[in-house]
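A short write-up of the structure that comes next.
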Amino acid sequence: MSLPQQLREESDFDQLPGNIPISATVADIEEKKGFIDYFRFVVEVKTKGGSKYLIYRRYREFFNLHQSLENKYSPQDPDRPGPNTCVLPPLPGKIYIGNKKDIAESRIPELNTYMKRLLGLPTWLLLDDTLRMFFYQTEQDSQHEPRALRRLRPPTRKVKTVKAPKMDLFSSPRAEAMFDFRGNGKAELNLKRGEVIFLLRRVNADWLEGTVNNQTGIFPESFVKIIKPLPESDSESEGGGHTYSCLRCFLLTPSGVETRDVCVQEALTIQPTYNELLSRMRNVFKVDDIALNYRDPEGDLIRLLDDEDVQLMIREGRRLQDTVKRPVNQFPWELHVTMASDLSVYGSEP
C-alpha cells in the first residue's frame, strides 16, 4: 500500500462517526422457545467511539444482510472490482438437516471470521444503512438480559464453587409423581413415578413449575400428588420467571384422537404464522405428513392453508371465547391435526 493511500484511508476512518461498529464477536448462543424453537447468536459489538453492547441475531438475519450487501456492492467480475464495489467475505451456507444447537455452535467461529472481515472492508461501506442497522442495538436488544456469554470468558477464569445451603425437605412445597410423564422440549420436566418434585410456582390452573434431579421445568398437576402445596401468595400473577401459555391440540387418526396441551413461551395475544404452527405440530406429534385444521361454530373441520386462514381461526376462537370456558392461560383457539392425505374427519368432536 502506498503512503498517500494509507494516509487517505486513515483520514477516512478518522472522519467516521463514533457509533460506527468496528468489531463484533459472538459471545454465546441462546435458544428461543415459542411456536417454533430456534437459536440466535449473542453478539458483542464495539464501536469506534469505544462503547460496547450486545445484539441478538438469527442466522437468517446474517444471510439477509449478506444478500443485501452482495446486491449493492459485489462486482460482476471479482478480479476487476469497480470504484463503488468490493469483494465481500464468504458467509457460511444454510444447513437444513441436523441438531439446531450443534449447527449454531459450529457456526460461531465462521461468523466471527465473517464479521471481522466484513468490518475490515473499506470505510465507506461501514456507512451503509443496512449494515449499520444490523449492528445497531435495538430497544429489544437492550432490554434482553444475557444468560452466560461464555465465549467472552478468559480461558484461565477460575470459578469459585459455593456449597449450596442444605434444603429443608420437610418444609419445602413438594409433590410426588403418580405417573410417568415425558416432557415435550426443554421447558417441560421428565417425571418418573415415585419421584419427589420440589415446587417453585404455579404456571396456570393446570401446570406447575418445579425441580427434580437438578432439572427445572414445568409439568401437569394431574400427574402428581401434592404433599405440601405452594403458598397462597405464589399465584400466576405474582410468580417470577417466564409465563407459559397452553395450546390445546388434537391429532385425529383412524384409531382415535390424541389430545396434547402444548406449552409455549408466548402471550395469549400472539398470532403465529402458518409455518410456525406446522413446524411445531410436526415436532409435537413426530409426524411430517400432516395438515392443520380448526372447527367452525357448526363443528366442521376447516383446513388451514396460509396465514390468512390462521387469522380467521384466531378471530373465530376469540369470538367464541365468552361461550366456552377455558383454563387460565389457554389459547382461545385449538388446532386439529390430521394426515395431509386425509380429507375425511376421524372420530367425534372432542
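Glycine too: its Cβ is placed from the backbone N, Cα and C atoms.
So that you can see what the record holds, here are the features copied from TrEMBL:
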DOMAIN    19-142  domain 'PX'
DOMAIN    170-229  domain 'SH3'
DOMAIN    244-340  domain 'PB1'
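Mean pLDDT of the predicted structure over the domain 'PB1' (244-340): 84.
Secondary structure by DSSP for the domain 'PB1' (244-340): 25 helix, 33 strand, 39 coil. Residues in the domain 'SH3' (170-229) partition by DSSP class (helix H, G, I; strand E, B; coil) as 3 helix, 31 strand, 26 coil.
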